[in-house]
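J.: Take this structure first; my questions come after.
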Amino acid sequence: MDLFMSIFTLGAITRNPAKIENASPASTVHATATIPLQATFPFGWLIVGVALLAVFQSASKVIALHRRWQLALYKGVQLVCNMLLLFVTIYSHLLLLAACMEAQFLYIYALIYILQIVSFCRFIMRCWLCWKCRSKNPLLYDANYFVCWHTNNYDYCIPYNSVTDTVVITSGDGTNQPKLKEDYQIGGYSEDWHSGVKDYVVIYGYFTEVYYQLESTQLSTDTGAENATFFIYSKLVKDVDHVQIHTIDGSSGVVNPAMDPIYDEPTTTTSVPL
């Protein structure tokens, strides 16, 4: 009980000798005592603050995640909560250290610090993935892989679940059944329409870079969606520097993937839906 009270009243530490004044055997009730452990910011309020922080962080999950600004708001709230949690952890650790009560909680703090380091390393890896994809989407989405292609107008980066043999990109035109927006979709993720597609796409992961070449284009599949274009890509087994593509006029050739895209800004000669 004494240990609990010492922790709960722990704050800015001021140690003074304990003494009792005006004490007499006949009247001990009216004695004045000086407590050796003074707290200007009680440790108990830190516990309440952490509890409120956890509630606030959990409540932020009710934010709708349909738009990019909503995703950015949610991730921003999570980042602020994590920073506050780190501050509270360090502050409480320093208080316990000043009160010479660190030993009882050393393993708990070690676990907290390890989790914080893992979270920080993950944030650094997501930033590195943003650099690889030339997009901020890896910071907004929790996917481990991203399908990317780059045009003169826009850098596309769509979350993906895993490395597969085939990638299908659905392009809507606003009249699809079921209703789709005018964008590119892969699974449940989408990217607004800014430009066309290329003859190849790349799946980026933390330590993954897999190239896919456009194999065919279909206007309908067995998915039930109509008035949509499906771009079907197959994994490349050849060297990345020698990609065989088919140009618009039907000829074929060997080009470097770093060249300008075949399906870029829409023209009357491309097969990209307007």
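Counting starts with 1 at the first residue shown.
Note that Cβ sites are derived from N, Cα and C of the backbone, with glycine treated the same way.
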J.: Do W69 and W128 share a side of the membrane, as Swiss-Prot has it?
T.: yes
J.: Just to be sure I understand the packing, how many Cβ atoms besides its own are within 10 Å of the Cβ of C133 (site 'Involved in polymerization')?
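T.: That number is 20.
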J.: Under DSSP, the topological domain 'Extracellular' (100-104) has how many residues in helix, strand and coil?
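T.: Grouping H, G, I as helix and E, B as strand yields 2 helix, 0 strand, 3 coil.
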J.: If you run through the domain 'CoV 3a-like viroporin TM' (33-141) with DSSP, how many residues end up as helix, strand and coil?
T.: 86 helix, 4 strand, 19 coil
